[in-house]
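What TrEMBL annotates here:
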- 1-66: region 'Disordered' (REGION)
- 7-26: compositional bias 'Low complexity' (COMPBIAS)
- 98-117: transmembrane segment (TRANSMEM)
- 181-202: transmembrane segment (TRANSMEM)
- 208-226: transmembrane segment (TRANSMEM)
- 295-313: transmembrane segment (TRANSMEM)
- 343-367: transmembrane segment (TRANSMEM)
- 414-434: transmembrane segment (TRANSMEM)
- H427: active site (ACT_SITE)
- 440-459: transmembrane segment (TRANSMEM)
- 471-490: transmembrane segment (TRANSMEM)
Amino acid sequence: MAPPPSMAAASDRAGPGADPGAGDSSLRLRRPPSADAGDLPGDSSSGQRESGEPHPPPPNPQQQQQHEMLYFRASAPAHRRVKESPLSSDAIFRQSHAGLLNLCIVVLVAVNSRLIIENLMKYGLLIRAGFWFSARSLGDWPLLMCWINHSVNRSLTLPIFPLVAFMAEKLIRRKLIGEHVVILLHIIITTSVIVYPVVVILKCDSAVLSGFVLMFLASIMWMKLVSYAHTNYDIRVLSKSTEKGAAYGNYVDPENMKDPTINSLVYFLLAPTLCYQPTYPRTACIRKGWVIRQLVKCIVFTGLMGFIIEQYINPIVKNSKHPLKGNFLNAIERVLKLSVPTLYVWLCMFYCFFHLWLNILAEILCFGDREFYKDWWNAKTVEEYWRMWNMPVHKWIIRHIYFPCMRKGLPRGVAILISFLVSAVFHEICVAVPCHIFKFWAFFGIMFQIPLVFLTRYLQDKFKNIMVGNMIFWFFFSILGQPIFVLLYYHDVMNRQAQASR
């Protein structure tokens, strides 16, 4: 850091060994070590002199106070260089906003505390189980019937399908059946693993939650079995090509070219992943105390979700009308009022499932790759959000849908469309089947993401501002998207139940 011209001249006259306090009075403008590093001309943010020499060690507090007394004289310049205000557009992103974040947290706590007190004074404590479980839920839960037995055919259970898929792979490995036959068998197996739960749910008068859990597990099983069949098929293709002399370099891992075993299949079905491979990265041990702490957190946040739904969401939707049939302003008011509790529930769900539960499962199974999500909350576009918020599904789609479409010669836009189409179909199945209604709200909601992908990408490229796409994502996803679909499905379910009771 170079001194001001007057100080440099005085230093030359005084000599290197002169007393800093003697000689020309301009030496009194010498910068104390505690002063702002950006006050003098030529200062740099690196904390070093312009010549590259480091600053001398700071003096003791008494010397520092003496230097400050000399530095901040009336004759010393108070304005030394051009500076921007901290909140100006050129400087706002270079500042720390920790204090404003703390303010937002304090305001959030205060506002929500008021809402909790107001809600309890207005409605009292609203906790009931009827919304989640029917009167016969413990006896006719589709989840238990599909996983344990079924009154029509006691031998047909959901875990049978992976065993049949394993037997098909063993038959093709021993060359007892042809490639076309094993492909047909896998198509039948994967189709049955989805159709069977749908039939059970539609035939049974079950609660919405039990049906949703069953369809959620059936969808996971379907994706796992598709990955199991596709990966083993690709291993066979690579093995044949390698035998013929084809070279794939580092793209082929010998550890993941092994024949399927029952142990690898069982581990894959239990592991927190949707992509099959014969071996996975493993950790050395299980942290039992850590697992217990995560389980306690999972129970607490699950209870918090139930409390928010019963205490806040249910009264709001009960006092609302169908958003497409009632008054427009009333619908907007209900959507905005519903946006906060639905956002809380969604964030609790994400934390419970993607962070707590999947990490608990990974710890118990010593599963090493625990990148179940990325920092999706910082997504600049809708496309980035879908790539980061659910890594198991994203990896599955990339591996088994997107790049297979690209390898078949389809354009990138068509591959993206097919990927969203598959996602939209399964979102619709997981919601519509338990609710016993097929209005395609979830399907259209997912497909509506495609124009949002291009819109946020265009805005990001045009304005080069990470805040624009991020705000659009939060607005459409949290403020409008989720509350609207909650209202749509709630009123459709209530209308169906009212018609069924007549």
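Here, residue 1 is simply the first one shown, and the rest follow in order.
The backbone N, Cα and C atoms fix where each Cβ goes, and this holds for glycine too.
When the stretches 98-117, 181-202, 295-313, 471-490 are ranked by Cβ pairs under 8 Å to the transmembrane segment (414-434), first place goes to 181-202.
Within the same chain, the residues at least 6 positions away from the residue listed as 'active site' whose Cβ sits under 8 Å from its Cβ are A442, F443, G445, I446, listed in sequence order. Here the listed stretches are 181-202, 208-226, 343-367, 471-490, and the one with the most C-beta pairs under 8 angstroms to the transmembrane segment (295-313) is 343-367.
Residues of the same chain lying 6 or more positions beyond the ends of the transmembrane segment (471-490) and with a Cβ under 8 Å from any Cβ of it are 313, 317, 320, 322-324, 331, 334-336, 338-339, 342-343, 346, 379, 381-382, 385, 431, 435, 437, 439, 441-442, 445, 452, 455-456, 459. Remote same-chain residues near the transmembrane segment (181-202) are listed as 142, 145-146, 150, 156, 158, 161, 164-165, 168-169, 171-172, 211, 214-215, 218-219, 221-222, 225-226, 229, 233, 429, 433-434, 436 (criterion: CB distance under 8 Å, separation of at least six residues from the stretch ends). Using a Cβ-Cβ cut-off under 8 Å and counting only residues 6 or more beyond its ends in the same chain, the transmembrane segment (343-367) has close neighbours at 267, 270-273, 280-287, 290-291, 294-295, 297-298, 301-302, 304-305, 308-309, 313, 373, 389-390, 392, 478, 482.
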